[in-house]
Amino acid sequence: MKIRQVRALTVTGGGADYHDQAEDHWIDDHVATPMAKYPEYRASRQAFGINVLGTLVVEVEAEDGTVGVGVTTAGEPGAYIVEKHLARFVEGASVTDVEKIWDQMFNATLYYGRKGLVLNAISAVDLALYDLLGKIRQEPVYALLGGPVRDELQCYATTGRPDVAKELGFLGGKMTLQHGPAEGVEGLHANIERLRKMREQVGPDFWLMFDCWMALDVEYATRLAHAAAEYDLKWLEEALIPDDYWGYGELRRRMPSTMLMTTGEHEHTRYGFRLLLEMGRPDIIQPDVNWCGGITELIKISALADAHGAMVVPHGSSVYSYHFVITRHNSPFTEFLMMHPQATEVVPMFSPLLLDEPVPVGGRLRLPETPGFGVRLNPEVELRRPYDHD
């Protein structure tokens, strides 16, 4: 069966661009970032424009009218790339030509792509192709990937309230780091004091982690890690900018051996992860399947990690990563992003954009046998097609 049409759509508000939230959402409340060196951009990530792109939805329609859906953070610029460039490699191809289509999209965009926005767009197309193939074959995507190796997924929560996450049955709670190097010793002490208070609340047998969102340097991250070890910090995540592979290697040497070093949410393709694994030596890599190149590339990234003895715990991405994680032995648990504004309730990550999105109960998540990724676009969400290529 052939593919008839590709459509790139945009939406404003909650969706794949989960930073595009209303004010007072915990996910945007004083988070350390590379921009925190500038005081005017310290209190909010939206202040420097983290939500300017918005959500991109890609629909791939087969000759029989079956539609596959993929999403990412790319908005209108990503829609232009899909409609004006990538669509030519998809339309007219067989629904089973997933690997060939990926290779053509990647190689055709090398001169302006390789990472970032272009890979986000490629990822959305790739995910839509997997969703389409699963629907046509009447199989969930995890069946296309070799089948599950476990009955359910164990989840940790990324949250502003690890204490609530513990009550809800999650493995652990990952907090955003609030203060970076520009805030000096006082900020470092504030980070540790927050960890101390949270450890006091949750007790000894619950994971606590810090997400540093690329905000630190090797020296600060080393000091933070050793100070946090007293309160049994499980891991330090994305301490450095993605391109500092040498710095990650040095940080791994300096960190306490009992603490995990994790990173990779803003890395792309097997080539970037090869550098990261060989030079940075992380314990866990965290590719985002909506950004890193889609399922097609995540398969290769995961194999690389397995050969390097690293775990793969994808960043966010809900069903699009769940269907992968459940098929891999080196992905022993998964992330669940608490998207309730106060992080006090379990709500679907991509709400209101997607319907039928499964959520964990008691910190555990079971995937249904629904074909494809098992989700539908919400007809009440207003989608716009800013470009076409007809």
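The backbone N, Cα and C atoms fix where each Cβ goes, glycine too.
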Residue among Asp205, Asp211, Asp217 sharing the Mg(2+) site, where Swiss-Prot lists Glu237, Glu265 as binders: Asp211
Where Asp211 (Mg(2+) binding site) falls in three-state DSSP terms: strand
Neighbouring recorded positions, C-alpha within 10 angstroms of Glu265 (Mg(2+) binding site) - of Arg45, His315, Glu335: His315
Greatest C-beta neighbour count within 10 angstroms, which of the recorded positions Arg45, His315: His315
Cα-to-Cα gap, Asp211 (Mg(2+) binding site) vs His315 (active site, proton acceptor), nearest whole Å: 11
